[in-house]
Amino acid sequence: MGGPKKEENPPGGGPTSLFILTEDNPIRKYTRFIIEWPPFEYAVLLTIIANCVVLALEEHLPGGDKTVLAQKLEKTEAYFLCIFCVEASLKILALGLVLHKHSYLRNIWNIMDFFVVVTGFMTQYPQIGPEVDLRTLRAIRVLRPLKLVSGIPSLQVVLKSIIKAMAPLLQIGLLVLFAIVIFAIIGLEFYSGALHKTCYSLEDPNKLVKEGESETPCNTDNILEKATGSFVCNNTTSMCLEKWEGPNSGITSFDNIGFAMLTVFQCITMEGWTAILYWTNDALGSAFNWIYFVPLIVIGSFFMLNLVLGVLSGEFSNERNRVERRMEFQKCRFRAMFQTAMVSYLDWITQAEEVILAEERTTEEEKMHIMEARRRNAAKRKKLKSLGKSKSTDTEEEEAEEDYGDDGYLKTRSKPQGSCTGFWRAEKRFRFWIRHTVKTQWFYWFVIVLVFLNTVCVAVEHYGQPSFLTEFLYYAEFIFLGLFMSEMFIKMYALGPRIYFESSFNRFDCVVISGSIFEVIWSEVKGGSFGLSVLRALRLLRIFKVTKYWSSLRNLVISLLNSMRSIISLLFLLFLFILIFALLGMQLFGGQFNLPGGTPETNFNTFPIALLTVFQILTGEDWNEVMYQGIISQGGAQKGMIYSIYFIVLVLFGNYTLLNVFLAIAVDNLANAQELTAAEEEQVEEDKEKQLQELEKEMEALQADGVHVENGDGAVAPSKSKGKKKEEEKKEEEEVTEGPKPMLPYSSMFILSPTNPIRRGAHWVVNLPYFDFFIMVVISMSSIALAAEDPVRENSRRNKILNYFDYAFTGVFTIEMLLKIVDLGVILHPGSYLREFWNIMDAVVVICAAVSFGFDMSGSSAGQNLSTIKSLRVLRVLRPLKTIKRVPKLKAVFDCVVNSLKNVVNILIVYILFQFIFSVIGVQLFNGKFFYCTDESKHTSAECQGSYFKYEEDELLPKQELRVWKPRAFHYDNVAAAMLTLFAVQTGEGWPQVLQHSMAATYEDRGPIQNFRIEMSIFYIVYFIVFPFFFVNIFVALIIITFQEQGEAELQDGEIDKNQKSCIDFTIGARPLERYMPKNRNTFKYKVWRIVVSTPFEYFIMMLIVFNTLLLMMKYHNQGDMYEKSLKYINMGFTGMFSVETVLKIIGFGVKNFFKDPWNIFDLITVLGSIVDALWMEFGHDDSNSINVGFLRLFRAARLIKLLRQGYTIRILLWTFVQSFKALPYVCLLIAMLFFIYAIIGMQVFGNIKLGTVENSITRHNNFQSFIQGVMLLFRCATGEAWPNIMLACLKGKACDDDAEKAPGEYCGSTLAYAYFVSFIFFCSFLMLNLFVAVIMDNFDYLTRDSSILGAHHLDEFVRIWAEYDPNATGKIHYTEMYDMLKNMDPPLGFGNKCPNRLAYKKLIRMNMPLDDELRVQFTTTLFALIRENLSIKMRAPEEMDQADMELRETITNIWPLQAKKMLNLLVPPSDQLNKGKLSVGKIYAGFLILESWRSTRFGQLDSGMPMLELQDASRHPSQESLTGADAGHLHPGHSYMNGHRRSPSLRHNGSPLARSPSPRRRGHQYIHHDIGFSDTVSNVVEMVKETRHPRHGNSHPRYPRGSWSASTSPARSPSPSRYGGHLSRSKRTQLPYPTYGTTSLCQRSRSPSPARLQEMRERDRLGYGIDMGVTHVQHSYPTLASRRAGIGRRLPPTPSKPSTLQLKPTNINFPKLNASPTHTHHSTPHSVHSLPHHRDLLRDPRDMYYSSRERERDRERLRDRDRDRDRDRLHEYDLRYEYRDRERELYERERDREREVERERLEYIAPLSFEQALAMGRTGRVLPSPVLNGFKPKSGLNPRHSDSDEEDWC
């Protein structure tokens, strides 16, 4: 078991065991063999199971008594211990104890085993005694079987998904724990010691006075001093004293942090929280308590605990996908292997056949035989394929039969010969006839009707039915059974058994009929029925076959069957879990539940009862009650609190984790099923389309034959219906759009034409902009009036006044209705008034109100009409629904709910059918068995007569009570009652009582005996698994999926998904954060600021908060005075420290900047509150009644919230939390409407019921006597707190309130209570609260999805880091700082510091944000570009980017119409910002990419004597300095230096339109000659590089005039002043302490750095051919091309979506190396941005521009001679890096190449260089053919320092 696999520890060389036995030792070898021998493992497992059985058989008696069996079983303990000891010893010998890898105690299971064995020995010695009963630890051994379980694949999915979910679950656990701590501390401050006062008798001060059956906390004796809503003792009989231990024996309290946390946890699980709320109300008054409890339930239960569900379902679907993909891959691999083998085999056979056929000796007959065999094989293969298709569903009826043609069928039958031939032929015909009959429609419907009638017969059975009905049903059962049996046999005969059993429906029929036969025999022999025959009702599901829901239902069934293994494995896991906890519970609590009122029904005394108790806790119902009993049994609140851990773990792991996996499976399957259905529907649509097209072709060909026309109409229908749908959608859209609607062109009510002035007036009024607003106001006022009514005193003055208001409101609504009818017409034409649902509702409400007023006025026969009037007036509550239509977003949520209901319909039908089946089984099992006598000693109605004495606990004399024989409130006497009972059970409320009653049920008309038939619990367990665990979850899942689909459907038109939308949402709302910093660094303010923002200070404050939290947790009830004072002064100290922090922050930031940060405001409020609180504690005790300052204590707990902003994961969780709250307002509004409507109905119908004691459920805490009370009661029901009891308390026949002005003998309440509560629970539990779950699952899906996908939760980090670079929140930073920032941000948001520069450049080229004049990027633009690039939002090939931009702008305008006006140009910069003479990030980084690529070639890394261009080693400076430094401005278009009258062709002044780097803006010119933006950028980037080794000399070449050309100059360009003329000469004269930048203008670089060429360049430098320093240059004139004057520059084509690389040969351009983050130091030399020469220009010598041919020739000769002279001396220097095989040949080729280069003429421009070519060098390892044919080939391998060859693996 615990041993590792054999290969883990290779024998021989391994470590010794126990320092003695080596790997080769025979003892160790044998022990190793034994522990790895499978029979040994099974033996150990069997021992474990036997041990579990022994533990389960024990019965625990009170007082440590033992039964005879238990004593015998105890003796087995030694044997078990012995076996486990032997196992442990063998393993220790074989594996070693602990010191080395894979040794015994390095395995978690082995540690557990060892622990159990050691503790087992301890228990064998009696002197340890029963105090430390360590046998409990033996239950841990039950975990061992889990090891084998992990081998089952489907269980692995469940287990793995739970284990994988543990990481996010722990995050959520932290959040929940944090919430619990905060609420517990608040509870500790407010409620500590509050629940210890109760009423004591005046006669006996030690005797408690109860209210009803339980004690109640009290507030005071003096009725004048009492707080509103609190409880006051009756001062004639009792007094309020503070000496009670508290409710639930003192366990439920806030007396110290432990009790408080347990109480808060209990509230979060929504069990028993109302009791705590009511107790605190009694003790302290009801004014403010709800403010504590309602948020606790909403945040704790609805939100935090639902997160668990979201995480689990996400993980489950991920894990299942993973497993499915793996299986799919394995199948594919096997299939491929099989196919290759098969194909080769078939080829071999076919070739053999060909040979045989070709042979001369093969006879014709043999050939025919071979051909026939081939034909048969082909046919068989075809049939197999078709069968495979139809079989996949496995739910079709006898579809497959058609495949078996008559011939095949006949051939399979053996035909007997002889005299019987005629008989067999007749039999065959008869069989065919029957077969056709069975398949007809009428036979199908006949069977369905029979099933329906049978179901009706089953359903009419009820308790106390007349004997004739019993007899009729008895015989009907036989008749139906006979009919169904004959149907089964007829089908079997007609189809043959094989085909019959291929249909799953038929298999099901057969099982049900067999079950019914068994049941009939059983009831004859033994009596009693199981109700199995009702399973026939499931056959009604066949009706679905004729409905449109069939495919979706079938797919759901398929999907569920597919995940059956997961479900079964989950159930197995659940069973193991229950088993372990039941055994553990028996060890801990067995025989201990001996309470004053006797042993409770839930206990751990025997194994079956323990299992049921654990199952009950697992369902979450009344788990707190069991926990109270457990704690009390172990010594009460003082000693037994540690035992609460058992129950908490059980609830957390069982209820919240395992049971939520059911929902996870359901969500997953439904999504799966819906995909299947959608795919099928698409297929059907496609087929229809194809048919339609074929038909059209036929019709064209045949000129519309009659038949074809009919078919055509039929086929066209679907597309028409589609058109209709689209029209409807369009109509709806039109309605939503603003602006006046045109008048309908029909006459209204046959009288008013469209031109009629009355109608036009009505139309004008209805369409007034404020008309709807006015109606909304009236609706709101009317709703307030409804809520303000007094339901008890109907004729009170308040009600009379409100009645007059009601007349006014009804008048307004009537006028509105009449105006709309005049405008729209009544009903006859499209668009008329009653054609819309909302208008019908309006009309009904108005008419009913008018009718009820009519009755009121007439006053005739008031008595009989009262209920009618009341029901008519109740309809007024529908008025608030009128607002739904008027608020578009609310209507969207409402539509979503309605749609999810529509989706649920088909499941709802199945659900009701299953509910019905269980109800019928319940009626069969428990019919008439739920009666009891109020005197428990009597067991029949005959005995239950007269009176009996009832003894109360504290009373001296018994009470006399009447004996009454009555049924339980929930029973199974008829199907309707059974369905109600099961509905209550399924909501999980009060089901343990129903379970106890069922197990105690004996026989019909007899009383209960406790645990009479424990096996009846199986019915409930099965029901729970089918319903709450499963069906309800499918329901919830459907609503969740529909809700999510609705949200996604809205976005489909815009072609962006949900995640993209939430990211864009964030971008639109995001603003840069301001981070203040004092300007003067020498001030005191700056020093304070430095302290306040430093990390140590932050940590110090964190530590303070943590210690402060611990201090708050140290408080407890009844603490000593000294202790209390210490706490008070320490608290003051903390308050002082926090005050100092706040003061320091105000000094450091200044008042104005301090208040800009919301956290600072929060701190200030907290500090001020704490100071007031401290002062009040010290000085304010004199006059306690003046003002209630209790709320000030909240500020102590508020500091904890500051902890939340520290952790990254917690920050993200919280951020998402807030986001989900933002998504909820309309959902909450809808829920509020539901509550409002139900509360008003409740007030009207149940408001006058008399308030009773606690047992009655309608009490002073819990009633409908005011609107607020009604809403609280409904909120309680929504959390599921004992709603069935409230429903029973509202039924007809309840006593009326004393103030209700009812006639004597008149009763209140109504039978409507059933419908009212059931519908409310249905809407609330299934619909509304699931919207919460849907929203949460939507928002928190990032917890389980791939973390590399960018989500909105990452973007907060961008805002935070941006603030570090842009502390003043200007919204702009320099592009170099932007690069740094993105490198500092981790992926998926930024690039990360490990991202290769080249990949970063490519991303930036695609992002391409525009730059302003100071080369800064904008905040919103950068964030949006980042999101767009990361999530590929409309990113396309470069040439399509313009179109994509336009589409994206349109999408943004559609989805965010309001924000788009302001933000659109920031989000998607318009083309003119990227085109017209403006720089963009894409252009700059395209230049850097070229440099980077050049650097990675062999010539970028030359270590020769040539001037080496190295990486600029400049560190980043703040943007303010870099932009305002004296010499700043490398790429600043504005800093061009003028020389004389000439101006530089800088970006500012050039009119050439620039191309946008990543996307082209073509304007009709096919060839546009040059691109200033990009080329200027490249040239300037190049010039930024520092010349290091060889500073150039100031003298120029004597032969050439002084008029150098910049990188951008060419004969066709405007004249350029010297870039370094004036400025550099000045810098040289002033002897600056830093080296100046030399030019690296491309034109002055060689074509190919061959050794000779390098030498030539050096010589040229010496002679002064290069750029001169400090010398004024003379301008030379030359002809300018007309096209240039026109301002048409060559455009640079786009970068593609995957940026291609520049096809400038790396050997052609000597680029300098550049810094990864191209930031410049502030002592850089300014220059203007010039443009790059045409790519042809790059290939020529700069001097060629003004050489004569003779001069050129002379120079060439001179250089050639010099080369030859010096080659011998210089060659070894280059041979270090380049090897030439043939020196002579190399020299010859060099000469030839130089000749060709020099002679080449540049007569015309060629087509522009494409960006694919231009950036070719950005691609790694891709080398293009060199234009210089000199035999130099760059090395394909890159220098390891600069290698980006694996760049795609980064980022």
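Keep in mind that glycine also has a Cβ here, set from the backbone N, Cα and C atoms.
Pulled from Swiss-Prot:
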type	residues	note
COMPBIAS	1589-1600	compositional bias 'Basic residues'
DOMAIN	1353-1388	domain 'EF-hand'
CARBOHYD	Asn234	N-linked glycosylation site
CARBOHYD	Asn235	N-linked glycosylation site
CARBOHYD	Asn865	N-linked glycosylation site
REGION	381-417	region 'Disordered'
REGION	710-741	region 'Disordered'
REGION	1513-1572	region 'Disordered'
REGION	1588-1653	region 'Disordered'
REGION	1685-1764	region 'Disordered'
REGION	1823-1851	region 'Disordered'
REPEAT	762-1049	repeat 'III'
REPEAT	1086-1347	repeat 'IV'
SITE	Glu271	site 'Calcium ion selectivity and permeability'
SITE	Glu621	site 'Calcium ion selectivity and permeability'
SITE	Glu989	site 'Calcium ion selectivity and permeability'
SITE	Glu1281	site 'Calcium ion selectivity and permeability'
TRANSMEM	442-460	transmembrane segment
TRANSMEM	476-495	transmembrane segment
TRANSMEM	504-522	transmembrane segment
TRANSMEM	643-667	transmembrane segment
TRANSMEM	835-853	transmembrane segment
TRANSMEM	867-885	transmembrane segment
TRANSMEM	905-924	transmembrane segment
TRANSMEM	1014-1038	transmembrane segment
TRANSMEM	1128-1147	transmembrane segment
TRANSMEM	1156-1174	transmembrane segment
TRANSMEM	1223-1242	transmembrane segment
TRANSMEM	1309-1333	transmembrane segment
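Features as recorded by Swiss-Prot, highlighted on the structure.
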| residue | record | CB count, 10 Å |
| --- | --- | --- |
| Asn234 | N-linked glycosylation site | 13 |
| Asn235 | N-linked glycosylation site | 14 |
| Glu271 | site 'Calcium ion selectivity and permeability' | 23 |
| Glu621 | site 'Calcium ion selectivity and permeability' | 23 |
| Glu989 | site 'Calcium ion selectivity and permeability' | 21 |
| Glu1281 | site 'Calcium ion selectivity and permeability' | 21 |
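The recorded positions shown are Asn234, Glu271, Glu621; of these, the one with its CA atom nearest the CA of Glu1281 (site 'Calcium ion selectivity and permeability') is Glu271. Checked against Asn235 (N-linked glycosylation site), the recorded sites Glu271, Glu621, Glu989 differ in C-alpha distance, with Glu271 being the nearest.
For the transmembrane segment (1223-1242), same-chain residues at least 6 beyond its ends with a Cβ under 8 Å from one of its own Cβ atoms are 783, 786-787, 874, 876-878, 880-881, 884, 887, 889-890, 892-894, 897, 1264, 1267, 1270-1271, 1273-1275, 1316, 1320, 1323-1324, 1328, 1331-1332, 1335, 1338-1339. Taking Cβ pairs closer than 8 Å, the transmembrane segment (1014-1038) reaches residues 556, 567, 571, 608-609, 612, 615, 619, 659, 662-663, 665-667, 669-670, 900, 903-904, 907-908, 911, 914-915, 918, 921-922, 925, 982, 985-988, 991, 994-995, 998-999, 1001, 1326, 1330, 1333 in its own chain, all 6 or more past its ends. Following the DSSP three-state reduction, the secondary structure of Asn234 (N-linked glycosylation site) is coil.
Each residue contributes its Cα atom, and for Glu271 (site 'Calcium ion selectivity and permeability') and Glu989 (site 'Calcium ion selectivity and permeability') these two points are 10 Å apart. For the transmembrane segment (643-667), the list of distant contacts is 158, 161-162, 169, 262, 265, 269, 305, 308-309, 312-317, 563, 566-567, 570, 573-574, 577-578, 581, 584-585, 588-589, 614, 617-620, 623, 626-627, 630-631, 634, 1029-1030, 1033-1034, 1036-1037, 1040-1041, 1337: same-chain residues at least six beyond its ends, Cβ to Cβ under 8 Å. Here the CA atom of Glu989 (site 'Calcium ion selectivity and permeability') lies 34 Å from the CA atom of Asn234 (N-linked glycosylation site). Along the domain 'EF-hand' (1353-1388), the predicted structure has mean pLDDT 89. According to DSSP, Glu1281 (site 'Calcium ion selectivity and permeability') is assigned to coil rather than to any helix or strand. Using a Cβ-Cβ cut-off under 8 Å and counting only residues 6 or more beyond its ends in the same chain, the transmembrane segment (1309-1333) has close neighbours at 302-303, 306, 309-310, 893, 897, 900-901, 980, 983, 987, 1032, 1035-1036, 1039-1040, 1043, 1224, 1227, 1230-1231, 1234, 1238, 1241-1242, 1245-1246, 1249, 1274, 1277-1278, 1280, 1283-1284, 1286-1288, 1290-1294.
It is 6 Å from the Cα atom of Glu989 (site 'Calcium ion selectivity and permeability') to that of Glu621 (site 'Calcium ion selectivity and permeability').
When DSSP labels each residue, the domain 'EF-hand' (1353-1388) comes out as 23 helix, 3 strand, 10 coil, counted as helix, strand and coil in that order.
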